[in-house]
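Some notes on the structure that comes next.
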Amino acid sequence: MDLTQIQNPSFLKDMSISELEGLSEDIRKFLIEELSQTGGHIAPNLGVVELTIALHKLFDSPKDKFLWDVGHQSYVHKILTGRAKEFGTLRQYQGLCGFPKRCESEHDVWETGHSSTSLSAAMGMALARDLKKTEEYVIPIIGDGALTGGMALEALNHIGHEKTDMIVILNDNEMSIAPNVGALHNVLGRLRTAGKYHWVKDELEYILKKIPAVGGKVAATAEKIKDSLKYLLVSGVFFEELGFTYLGPVDGHDYEKLFETLQYAKKTKGPVLVHVITKKGKGYKPAESDVIGTWHGTGSYKIESGDFVKPKEVAPAWSAVVSETVLKLARTDERIVAITPAMPVGSKLEKFQKEFPDRMIDVGIAEQHATTMAAGMATQGMKPFLAIYSTFLQRAYDQVVHDICRQNLNVFIGIDRSGLVGADGETHQGVFDIAFLRHLPNMVLMMPKDENEGQHLVYTAMQYEDGPIALRYARGNGLGVQMDEELKAIPIGTWETLKEGTQAAILTFGTTIPMAMEAAERLEQAGVSVKVVNARFIKPMDEAYLHELLGKNIPILTIEEACLIGGFGTGVVEFASENGYHSALIERMGIPDRFIEHGSVTKLLEEIGLTTDAVVDRIHTMIPSKQKRA
């Protein structure tokens, strides 16, 4: 079937099971071929082909609402709703988004990117439906990994309490990105082996209703028998106890079983949870055999061999530099522990996990718990290293404020994927952390200019004993600089001069330092002398350096790959104002006040005007022509 000709899912209504099976093969082949060129979330989507087709066949989108938790498994949904022809632009600048996007299609009713949000949003939609007295199904699709998130459990509790009509699809592939952890995962494991609980339960209830009601004792005994048999028949009744009708487990690749169960769910009042078992990566052997999450999201790859197409790496990944330095220090300090909220592979903690399994803690998709747990460990003299993506640190903000900073606890937060991350887009850009951490009392915030300074700042963080400390580091690779063999602590709150200059100064840090250095060299050739400063401590700033620089009364330009509002540049302006430098000319470059969508980092930097050319032009406008050297 030519998938690019699909306009909407209505064509599925008249298709037979054999035709649907052929469509499944076509979709898998299409995904494998297209994503081999663009990259993307291949394994999650190969696992939900039949489930997605079944949902679109039995329900009527967009009247009926599908909410894809996390959203990375929505590619099949996009194909069935008329977007197959756009897959060549997947996750590229101004191309097809890798997550549901309301402006893309009326079938995308809820935008996602972070996990565990679908149930709360679905509850909101269902309550709105009931208040408006309309009739449509609300169907969140959530994975077993996302179900470990506290927000999802809060929503389950509320939905069950209110007895709201809703069909929750639990897509259980036994993995989120890496293998799942936690007691709830173990409950689901028991449910997988318990058989078709709901059919047996119905027969049981029918039989028990036939027992003659000869007095209250017999009736009470019958109810006790029913409850006892319910616990005997299935080793976990977690969802039933929350108020849901539990249906399953059902084979998520068997159309007959899917149709049977979903039709039953449609007729059932109140909240229903359909437990669907799927195989992540189904139909592509390299993805099927992946047990650590390598094929969850990929770049381009060779279909035949399953080898990834990677540019030749001349420098280590930032995540590896940080995690391997932590590992090196952990070998001589038993107090060091590593903590991750379900991202051991992305944060490059596999080596730490292998060498120190008892000191490597993966809490699952539970950022709030991970953060406060780290705080608890710090109270007992441990040295917790919390490795967390910038975008996911947003989810634990209250814990950072209330539990870490307020108590001034020694927690080292490794803020991975800081700055623009590219193809994953606006839900994953790490551009807000400076603004939401800089104003917190007791917090120290750093970002290195290269991987050598990075390892020294990791050492600095592990030696620091006066409170919380955080290190920002980017996605991707370092610069390939020579690494010192001996680690050293860098004095807190100190900056360094990278290039001397007399007519203007650029203050920056991290990934924008090469841009600043190149701009300064070009300006030098044009007769403009510009100082470049490595402001590696975003907080506390180097106040002595700032006093000296502001005293020279030369134009200052701050550059940051982070949001301008509340950012580093704002801090410099505040310092100048509070210290009486009212005539100082300070301008800022950074991320504007909007969400930055998907695309390559290079393209996104061009789009927002954060380039070497833009820096050169800005400095020229800040320096009067008569002050420029001939």
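Each residue, glycine too, has its Cβ placed from N, Cα and C.
What Swiss-Prot lists as thiamine diphosphate binding site is His72, Gly113, His114, Ser115, Gly145, Ala146, Asn173, Tyr284, Glu367. Annotation comment: Swiss-Prot describes Asp144, Asn173 as Mg(2+) binding site.
Features as recorded by Swiss-Prot, highlighted on the structure.
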{"residue": "His72", "record": "thiamine diphosphate binding site", "Cβ contacts under 8 Å, 6 or more apart": "His41, Pro44, Asn45, Gly98, Phe99, His296, Gly297"}
{"residue": "His114", "record": "thiamine diphosphate binding site", "Cβ contacts under 8 Å, 6 or more apart": "Val70, Thr391, Phe392, Arg395, Thr427"}
{"residue": "Asn173", "record": "thiamine diphosphate binding site", "Cβ contacts under 8 Å, 6 or more apart": "Pro44, Gly47, Gly143, Asp144, Ile277, Thr278, Lys279, Lys280"}
{"residue": "Glu367", "record": "thiamine diphosphate binding site", "Cβ contacts under 8 Å, 6 or more apart": "Pro341, Ile388, Phe392, Leu393, Arg395, Ala396, Gln399"}
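If you compare every pair of Cα atoms in His72, Gly113, His114, Ser115, Gly145, Ala146, Asn173, Tyr284, Glu367, the residues listed for thiamine diphosphate, the longest distance is 32 angstrom. DSSP classifies His114 (thiamine diphosphate binding site) as coil under the three-state reduction. Cβ contacts within 10 Å of Gly145 (thiamine diphosphate binding site), excluding its own Cβ and spanning all protein chains shown: 27.
In three-state terms derived from DSSP, His72 (thiamine diphosphate binding site) belongs to neither a helical nor a strand segment and is classed as coil.
In the three-state DSSP scheme, Asp144 (Mg(2+) binding site) is classed as coil.
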